[in-house]
Amino acid sequence: MADDMKHVKMEVMRYNPETDDAPHFVTYDVPYDEQTSLLDALGYIKDNLAPDLSYRWSCRMAICGSCGMMVNRVPKLACKTFMRDYPNGVRIEALGNFPVERDLVVDMTHFIESLEAIKPYILGNDRKPSEGPNKQTPAQMAKYHQFSGCINCGLCYAACPQFGLNPEFIGPAAITLAQRYNTDSRDHGAKERMPQLNGENGVWSCTFVGYCSEVCPKHVDPAAAIQQGKAASAQDFVIAMLKPR
């Protein structure tokens, strides 16, 4: 990096489970210009100051969802966050509400298991390729299109106070994906997903703070998906009560 670049102090959370009792912060002096992302800055630290710094990243384009972390206590993607917005310094921490494995790397096992549990794929559609494309109208696609933009970054879980209180809550992304498929005209698997949504750790754990939608980097609006999920859950309950046994 050029000598005439600006410099900023970055407080970065460090934690090595083999040597540290608890996470701590180390301050690094990092050069930056108008185009330097937080991910670039972390790369500078790793290449020049702390080779043992651990963090996740991949695409650099807000597609893979790998580089989520807390930036001044706000969940953000490092690749979409720019150092020019933090001229007075910045504090970087591992993604909130997740167990820390090392430095900025968190254990996302429960997150992945929650996504798997709601079966995020089309179910019950026996249409054969020989029958041609499974067409949808624009109106049918509009029902789920926004919810299909989720990149599984986990920022909504870091923002969710209920997930912080109850780590068994399946969470915003899982419920959003369930709603994405439940509202897809090609899918017939809502009945298989409803037990997850109706359960103790399903949609009714949400108290509708709405912060999950504020931090979503793809504007998926998981808060709206959860409220739709509550309506579907209530309808499912009423139908079950009235249905003859």
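Placed from the backbone N, Cα and C atoms, the Cβ positions cover glycine too.
Residues Cys160, Cys212 are given by Swiss-Prot as [3Fe-4S] cluster binders; from Cys153, Cys206, that same site also lists Cys206. From the candidate list Cys79, Cys216, the residue Swiss-Prot records in the [4Fe-4S] cluster site shared with Cys150, Cys153, Cys156 is Cys216. The list of residues near the domain '4Fe-4S ferredoxin-type' (141-170) in space but at least 6 beyond its ends in sequence, with Cβ under 8 angstroms from a Cβ of it, reads 62-66, 68, 70, 75-77, 95-98, 106, 108, 110-111, 114-115, 117-118, 176-177, 179-181, 183-185, 196, 199, 201-202, 205-207, 209, 211-222, 225. Taking a C-beta cut-off of under 8 Å and a sequence gap of six or more, Cys153 ([4Fe-4S] cluster binding site) has these contacts in its own chain: Gly65, Ser66, Gly68, Leu77, Pro217.
Across the domain '4Fe-4S ferredoxin-type' (141-170), DSSP classifies residues as 16 helix, 0 strand, 14 coil.
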